[in-house]
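Here is what Swiss-Prot says about this protein:
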type	residues	note
BINDING	Arg26, Arg76, Thr107, Lys168, Arg270, Leu271, Arg272	GTP binding site
BINDING	Cys33, Cys37, Cys40	[4Fe-4S] cluster 1 binding site
BINDING	Tyr39, Gly80, Ser131, Met202	S-adenosyl-L-methionine binding site
BINDING	Cys265, Cys268, Cys282	[4Fe-4S] cluster 2 binding site
DOMAIN	17-243	domain 'Radical SAM core'
Amino acid sequence: MQSIPIKNVGESRLVDPFQRQYYYLRLSITDQCNFRCTYCLPDGYQPEANKPSFLTLKEITHLAQAFAEMGTEKIRLTGGEPTLRKDFISIAESITNIDGIRQLAVTTNGYRMAKDVADWKKAGITSINVSVDSLDPKMFHQITGINKFDDVMRGIDRAFEVGYNKVKVNSVLMKNLNDKEFEQFLAWVKDRPIQMRFIELMQTGEMDSFFDKFHLSGQVLADKLLKNGWTLQHKSHTDGPAKVFTHPDYAGEIGLIMPYEKNFCASCNRLRVSAKGKLHLCLFGEEGIELRDLLQSHEQQGILQARIFAALQGKREHHYLHIGDTGVRNHLASIGG
């Protein structure tokens, strides 16, 4: 575990040595997932014996309050599959009530959406990202290991019915698996306010051979979009890393997340906390800085914020994926992607 000094630095804002400001926290609330996606957990979730439990509701609330006081405006609940937690609604309601948090998002595999999305909206979830790696039910089953395509599609429709104006859909781009569905995805968003986001496959410790076989640069899709009249949009300060393209003839949008692109890290605006309370400065970085010992009471907030600020001063300018350094991450389910 990395050791970080805890000198109290007062109400420090979340700014790193390269003057990047961090308004966005990705908070994993569980490692558990009920899907078996080929690029993430092909063998399914394997619980580790004698390991710490996931953060409690109280600990999550203390954490979110500390980040909000330091300037965080957006929190995304991730996993694993975050909606597997029985107290998911309580977690959402607690974070929604924190001053300064303007957006509360969730990334989900969508298996519970048709049933529960109305409750998510009531609890304060402002935006939803759903994973849909194929519009072909058979390919969806092959990639996810689960025969739930129709359920996920019903969930997306239900999200619009309960009042969400836009739904973001994530698809991990994989050569010779779903890359040939690009035109089908375009047709799908023609009349639907969906931001369809293609995420370039990322190398992790356990998935080197998979990466070598299936990686495809997102630039291939960017070139197609620009050639066919799509326009790159400007980002707001809380937006994620996606390059978003729009077209006057389409209700939906296309987003591309390309971590191997030059200067990808220059606009970094997010930090990550794992489901067991470790701060991660980069998806492909160190093993994490322990925060959980400072999440036990509100009186610890000042020291907690000082530790977060001190840790941020050690953030690297960029990742080293381009030279094959994936950090210590074996798979993305352990940190929420």
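Cβ coordinates are placed from backbone N, Cα and C, and glycine is handled just like the others.
Where Swiss-Prot records a feature, it is marked here on the structure.
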residue: Arg76; record: GTP binding site; Cβ contacts under 8 Å, 6 or more apart: Tyr24, Leu25, Arg26, Leu27, Leu104, Ala105, Val106, Thr107, Asn129
residue: Lys168; record: GTP binding site; Cβ contacts under 8 Å, 6 or more apart: Ser127, Ile128, Asn129, Val130, Ile194, Gln195, Arg197, Gly255
residue: Cys268; record: [4Fe-4S] cluster 2 binding site; Cβ contacts under 8 Å, 6 or more apart: Arg20, Tyr22, Pro241
residue: Arg270; record: GTP binding site; Cβ contacts under 8 Å, 6 or more apart: Tyr22, Tyr24, Leu25, Arg26, Gly240
residue: Leu271; record: GTP binding site; Cβ contacts under 8 Å, 6 or more apart: Leu14, Tyr22, Tyr24, Leu25, Arg26, Phe67, Leu279, His280, Leu281, Leu312
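Of all Cβ atoms in the shown protein chains, 22 besides its own fall within 10 Å of the Cβ of Tyr39 (S-adenosyl-L-methionine binding site). Recorded residues Cys37 ([4Fe-4S] cluster 1 binding site) and Arg272 (GTP binding site) have their alpha carbons 22 Å apart, per Cα-Cα distance. Counting Cβ atoms from all protein chains shown, Gly80 (S-adenosyl-L-methionine binding site) has 26 others lying within 10 Å of its own Cβ. Among the binding-site residues Cys33, Arg272, Cys282, the ones whose Cα is located within 10 Å of the Cα of Gly80 (S-adenosyl-L-methionine binding site) are Cys33. Cys265 ([4Fe-4S] cluster 2 binding site) falls within a helical segment according to DSSP.
Its own atom aside, the Cβ of Met202 (S-adenosyl-L-methionine binding site) has 21 Cβ atoms within 10 angstroms in the protein chains shown. Using Arg272 (GTP binding site) as the reference Cα, a 10 A cut-off selects Cys282 from the binding-site residues Cys40, Ser131, Met202, Cys265, Cys282. Within the same chain, residues at least six positions away from Ser131 (S-adenosyl-L-methionine binding site) with a Cβ under 8 Å of its Cβ are Phe35, Cys37, Thr107, Thr108, Asn109, Gly110, Thr144, Val169, Asn170, Ser171, Val172. The Cβ neighbour count for Thr107 (GTP binding site), using a 10 Å radius over every protein chain in view, is 23.
A Cα-Cα distance of 13 Å separates Met202 (S-adenosyl-L-methionine binding site) from Cys282 ([4Fe-4S] cluster 2 binding site).
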